[in-house]
Structure formats: C-alpha cells, structure tokens
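A.B. asks: If you scroll down you'll find the structure; I have some questions about it.
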Amino acid sequence: MATNYIFVTGGVVSSLGKGIAAASLAAILEARGLNVTIMKLDPYINVDPGTMSPTQHGEVFVTQDGAETDLDLGHYERFIRTKMTKRNNFTTGKIYSEVLRKERRGDYLGATIQVIPHITNEIKDRVIAGAQGHDVVIVEVGGTVGDIESLPFLEALRQLAVQVGREHTLFMHLTLVPYIPTAGEVKTKPTQHSVKELLSIGIQPDVLICRSDRMIPPNERAKIALFCNVAERAVISLKDVNSIYQIPALLKSQGLDDFVCERFRLTCPEADLTEWEQVLYKQANPVGEVTIGMVGKYTELPDAYKSVNEALKHAGLTNRLSVNIKYIDSQDVETKGVEVLKGVDGILVPGGFGYRGVEGKIRTAQYARENKIPYLGICLGMQIALIEYARNVAGLTKANSSEFDKDCEQPVVALITEWQDAEGNTEVRTDESDLGGTMRLGAQQCHLVSGSRARELYGKETIEERHRHRYEVNNTLLPQIEKAGLKVTGLSADKKLVEIIEVPNHPWFVACQFHPEFTSTPRDGHPLFAGFVKAAYENHKKSVK
C-alpha cells in the first residue's frame, strides 16, 4: 500500500488545537486498523526545544530514542499506539543546520544554496523518511498560515503533494469561526480569508476544521463550503468540549474518517472507539476526588508540565477519581512557609533546572516526609528528596547539588560525566559541554529491587523509562544516606546510577530520576502515578473523617 499524507495547517489565530485535532483523527484511523504516525514541523530557528524556556514554549517531550521535541508529540502518543521518534519532529533550525553541514562537506557540488530547492528538498526528504512503513502519516505544520517563518514548509508540502500525487495527499486546514454575541451569529469571513491566504501559495484545502465555542449551523457550513471551494461534508464543526478525549468521537460523528478513507480509496472496517468510550465513562463518573499540590518553578504556565498534568488525570481514570491540581510556586514556600501546602492530599515535585525555588522544594519534601503526605518526586523532585533526607536525617547538613553550588562540601547530587545510552554507547560530558543535546536522554533500563513499593507497582523486575537530566546521585556519599534509612529501589542497567528512592515508614514516598509522565496514556495510565493518586485518596479519606 502506498503511503498517504494528511497535511494539517492552521489559520486566523494560533493555539486552535491543530495537534489535538491531528491526534484525534489519527486515533480514529488507527481504530479502523490503519498504521498511522504523526509528524510536527516547527518553524522556529532553534535546533530543538531543549534549551527553550518552559514558560515560553511549554514542556519538552522526550521520545523513546532520546529526541527533545515539541509537547504536541506527547499528545500524539497519548492518542495513538505508535511511538514517536526523532523523525517525528524537526525545526527550521534543524533543517538549516543539516543543509549547511552538507554544503560545508561539498554535497551540493558548488551550487548556490537557496531556500528553493535545497531547504524545501531537505524538508521533503525528512517527511518521506518519517513516513516509511506507515499507511497514513499526518503532518502538522506549526504556526499560522501567513507567518513568514512557515513558508518554506508550506512550499515543501505543496511540492510533495505534486510528487506523490494528489490521490495520496489531503490538506486539512483548521480555522476559527468566532461567535459574535452582539450579532447573535458565527462569522465565516476569517475562514474565507485564511483559505485565500493558503490559495495564494498554491494550496487548496480539502477539509476545513472549524473551531468555535459551538456547533456551526448547517447554513453556515454550506456557506463556508461554497466560498472556500470545499465539499460541504468536508466542513467539520469542532466545538469546545470539556475533555480533549471527546474529540475523536466528535470528528467521527461528522464522518471525517469516512471522507479520508474514501479520498485515499482505503477499504477498512468501521472505527471501534470502545476504549475511548470507556475513558469518557470513567471521566464522567468518578467515585471521589483528590487534590494534588504540584510544587514547581514554572507554575504560571501549566503547559510547562503538560505530560505531568495529563498523567495525573490518567491516574484519576485508573482509580475512578477526579484529580484537582493545585499549582504552587516553590518560591512561595520559601517566602510564605509550608502553610501554602496545607489542604492537599498528595504532593508532586516535577522536573526542573536551576537554583531558583530549590530551597522551597526542599522544604516541601521535608513537609511531605514529616507529615506522612504521599509524595512523588520526578527527576529534580528525586534529587530534592535526596538532599532533604541527607540534610535532615543522615546528618549531612551541608548536602546540596553541584548544579546549585559548584563548591558545596557535600555534593550528594553531581554532574554525570559518563553514562551509557539506550544502544550501549558511552556518552561523556564535562562542565564545558554545550547545554543543548548533552543530557542523558531517552529510554533506559531500570532494575527494581525485590520487595520495594516500585517493584510491587510495576509488577516486574526490569522496566524501561525515559530520562532527561545531566545530574545524578553521587554514589560516594550514598552509603551514609542509606545507613540513615533511605532505600534505593531502582538502579540503571549497569547498577551505577540511582533511578528510584523510597522513604521507609511512610504511607507513600517514592521519587524517580526518570520521567514516567512521558509514557502515561488515558487508556493505560502509569503504575507510579496510579499508585500515587491512590495513596493521595487514602490520605484524603483520613482527613475528612
């Protein structure tokens, strides 16, 4: 079967939800038995989002093979079974870097390097490479049509549609159809102008996804179809919903998957959305609720912790609970004290970088440990828990991380200078290494200690989880901390790096160096998050007695 391409663009304004729409369509097509993958093309000049501020760009999603990617890839993995790789996300910066590298190497035989054909050819080559082995590949272009940054991507996709044949390509355009209260009606003009912008660069959309706060009336859909030269059945109304997991059913109810399959002449069974119906049922019928306090430094933008937020919701589905997330700035713990932590049923300290707010996180870990509140530490959250235990239990009063104090006397957390990647290759890092692309990244094996809470939760001895860090537990000082009672319950494949720690004589205190949120899905959840939310609910029931 030839590979079929769906190109997804956005118009009028940004943040319409192209990624969610693309992932939802992929979920329906997958439910019809098709092998689907999704790619994200980002117009910014950064090589990847690895060094971008989380408060500007949101979280960095890490793939199995260690690529630092856009948060939309997290949505893709939560909606479909296909795992993303470094082939599923690339930026303008990465494209230009590769073209310039080839030019220096002499690959272009002295040609004058230009956007067309060299940049566009590189884009096309990467899209085709990422599509190998799949029935359908959905390609999302970041940004908004009309932005100068996205023009090379749009031109490349226009050319690709000609090369592979229009019978194997479909352009899907998301637009805003705003409702004007004073007029009492939705307005289609922004959509018409957005399509006109696409037409000016040679792209005629085949499907229009119309975003609004309500369903688009049939007469307005007919109007959009007429003036935008699109089949009326291909004008899809995508209203605001309470849960993003309602969107696959909403798109299917309007026949989008049927239209796509007919366009590509694919013969496949009807989509079975039973799993998604179960997700929605659990979401709509919780038997209780819990409040989780998330203590971090990027709390002004919840998207900075997107996968953690979703993983907590998934754990709620697993336990039939509604999970409320209370975002707490770790600096508030420093300035206002632990009073800001009162009233939460469980405490989660996610990953992060830099010294700002660290002492507040350490006080948070101490509060959770001493008051028997369920605690889940992730990446930095584990290092924080270790520092707190070293200072207040093990007698290492000057314990710290060399990330925060290079000259600290008791660096219980220090820079990893050498480690093995998932393929067994040795990676080396020094203080002079670049910040970008030099961390321990991607899926790594972890061995769980028999009898530990982690082993009980996972139900197996060896697991594989994704990492993104450059600091680790210092094994030189670890024996003194273990002697004071801290349990190391997870170790790397070579048994050299600490992956999981647990505090004994506590209802639930588990911290991990890896990022379990990256592998949590609404259909399957994740054992660590499920166990944490369950423990938080037990704590909640005690507090309301």
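Cβ atoms are placed via backbone N, Cα and C, with glycine included.
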A.B. asks: Among Arg455, Arg466, Arg470, which is the one Swiss-Prot gives for the L-glutamine site where Gly352, Leu380, Gly381, Met382, Gln383, Glu403 also bind?
C.D. replies: Arg470
A.B. asks: Need a hand: Swiss-Prot gives Ser15, Leu16, Gly17, Lys18, Gly19, Ile20, Lys239, Asp240, Val241 for ATP, which of Asp72, Asp107, Asp303 is also on that list?
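C.D. replies: Looking through Asp72, Asp107, Asp303, the residue Swiss-Prot assigns to the ATP site is Asp72.
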A.B. asks: Of Lys94, Lys102, Lys223, which does Swiss-Prot put in the CTP site with Ser14, Asp147, Ile148, Glu149, Lys187, Thr188, Lys189, Pro190, Thr191, Gln192?
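C.D. replies: For the CTP site that includes Ser14, Asp147, Ile148, Glu149, Lys187, Thr188, Lys189, Pro190, Thr191, Gln192, Swiss-Prot also lists Lys223.
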A.B. asks: Can you name the binding-site residues among Ser14, Ser15, Lys189, Asp240 whose CA is within 10 A of the CA of Cys379 (active site, nucleophile)?
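C.D. replies: Passing the 10 Å Cα cut: none.
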A.B. asks: Give me the long-range Cβ neighbours of Glu403 (L-glutamine binding site): same chain, 6+ apart, Cβ under 8 Å, in sequence order.
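C.D. replies: Non-local contacts for Glu403 (L-glutamine binding site): Phe353, Gly354, Tyr355, Val413, Leu415, Tyr471.
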A.B. asks: Far apart in sequence but close in space: which same-chain residues, 6 or more away, have a Cβ under 8 Å from Gln383 (L-glutamine binding site)?
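C.D. replies: Listed in sequence order: Gly377, Ser401, Val413, Tyr471, Val473, Gln513.
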A.B. asks: Compare the Cα of Ile148 (CTP binding site) against each of the binding-site residues Glu140, Asp240, Met382, Arg470 and report the nearest.
C.D. replies: Glu140
A.B. asks: Tally every other Cβ atom lying within 10 Å of the Cβ atom of Lys223 (CTP binding site).
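C.D. replies: Cβ-Cβ neighbours of Lys223 (CTP binding site) within 10 Å number 18.
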A.B. asks: Out of Lys187, Lys189, Thr191, Leu380, Met382, which of these binding-site residues is nearest Gly19 (ATP binding site) by C-alpha distance?
C.D. replies: Thr191
A.B. asks: Where among the recorded positions Ile148, Cys379, Leu380, Met382 do you find the Cβ with the fewest other Cβ atoms within 10 Å?
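C.D. replies: Counting other Cβ atoms within 10 Å of each of the recorded positions Ile148, Cys379, Leu380, Met382, the minimum falls on Ile148.
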